[in-house]
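K.L.:
Before we start, here is the structure in question, set down as structure tokens.
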Amino acid sequence: MVQERQSQGKGVCWTLRLWSAAVISMLLLSTCFIASCVVTYQFIMDQPSRRLYELHTYHSSLTCFSEGTMVSEKMWGCCPNHWKSFGSSCYLISTKENFWSTSEQNCVQMGAHLVVINTEAEQNFITQQLNESLSYFLGLSDPQGNGKWQWIDDTPFSQNVRFWHPHEPNLPEERCVSIVYWNPSKWGWNDVFCDSKHNSICEMKKIYL
């Protein structure tokens, strides 16, 4: 009888140890999970601050607009002063003519790149800002002259999103692209020599706060 009670006592003690180990393990896992969430949340929340810090080296001030239709969706989309806002990007129309490579370098020095056009709506917005007597470099080029066009930010070149003028592109030696107004087809893309001088359009992603 005594042995049976001792055996039962050992069983209860062993069971308690198992439960204690399980509870401790769960607490440790929960703590690790919470810590991970906090680190991830902090990392995500820090992104606007880091981007703002980066832009501050190029621009002295930003203009921000309230975006979203509901209170819970409200956020601020910011662009540097004098840049145009559309969708998730900011655009700056250059007032100086330069070579394609120099134009890209000028954009990079402002935390941007030559414009990448992804939709017809974006093309239409951009052309509304342009002077019809000028042409503007885009961030599109064919470095090897083999007809493989590529965007400066490595966005895949889509055959469904292209706005060439009729009969363009027409020369393999013309390896860069400008957007220009030609009657009667209006605004469209034209392949040009990269060492010819044109105005340009810079693009950067908006900052969201």
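Cβ from N, Cα, C; glycine included.
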K.L.:
Where Swiss-Prot annotates a disulfide for Cys202, which of Cys79, Cys90, Cys107 is the other cysteine?
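P.N.:
As annotated by Swiss-Prot, the paired cysteine is Cys107.
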K.L.:
Of the residues Cys37, Cys64, which one does Swiss-Prot pair with Cys78 through a disulfide?
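P.N.:
Answer per the record: Cys64.
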K.L.:
I want to check the contact list for Cys78 (disulfide bond): same chain, sequence separation of six or more, C-beta distance under 8 angstroms. What comes out?
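P.N.:
Leu62, Thr63, Cys64, Phe65, Lys206, Ile207, Tyr208, Leu209 - these are the non-local Cβ neighbours of Cys78 (disulfide bond), listed in sequence order.
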